[in-house]
Amino acid sequence: MIRTMLQGKLHRVKVTQADLHYEGSCAIDQDFLDASGILENEAIDIWNVTNGKRFSTYAIAAERGSRIISVNGAAAHCAEVGDIVIIASFVTMSDEEARTWRPKVAYFEGDNEMKRTAKAIPVQVA
């Protein structure tokens, strides 16, 4: 059996740019890519917390330390500057590998300040 698992996630980053006329993609600060394990040119899903839209594109690197999250091309219709989004990538693996897999998650606040990283998502409690 093959399973699709969360590979990496940027939780609650703020969109800093939205460029309808750029070729496409989502530019992400290289530090953020490193923290989440997301690679340049990797397929990503973006879930807009602000407006509820969900869309797919691919990641490109933005300048390290810039805190840039730039949604580009047609995807710019799905996000505006200031929107809070979650960016995720996924990986496929065997059922056996999935049993011990841990994603790389980076948590953000304010103006894209990385507050912490984790190898698991906390258990939701009542």
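Cβ coordinates come from backbone N, Cα and C, glycine included.
In the three-state DSSP classification, S25 (active site, schiff-base intermediate with substrate) falls within coil. Annotation for S25 (active site, schiff-base intermediate with substrate): same-chain Cβ neighbours under 8 Å, separated by at least 6 residues, are T57, Y58, A59, I60, N72, G73, A75. For S25, the entry in Swiss-Prot reads active site, schiff-base intermediate with substrate, with the evidence type sequence analysis.
As annotated by Swiss-Prot, active site, proton donor applies to Y58, with the evidence given as sequence analysis. Y58 (active site, proton donor): 16 other CB atoms within 10 A of its CB, across all protein chains. DSSP assigns Y58 (active site, proton donor) to a strand segment in the three-state reduction.
The Cβ of T57 (substrate binding site) has 19 other Cβ atoms within 10 Å, all protein chains considered. Under the heading substrate binding site, Swiss-Prot lists T57, G73, A74, A75.
If you look up Swiss-Prot, you'll see S25 marked as pyruvic acid (Ser), on the strength of sequence analysis.
Under 8 Å, Cβ to Cβ, and six or more positions away along its own chain, A74 (substrate binding site) finds L20, G24. Across the annotated binding residues for substrate (T57, G73, A74, A75), the two most widely spaced Cα atoms sit 10 Å apart.
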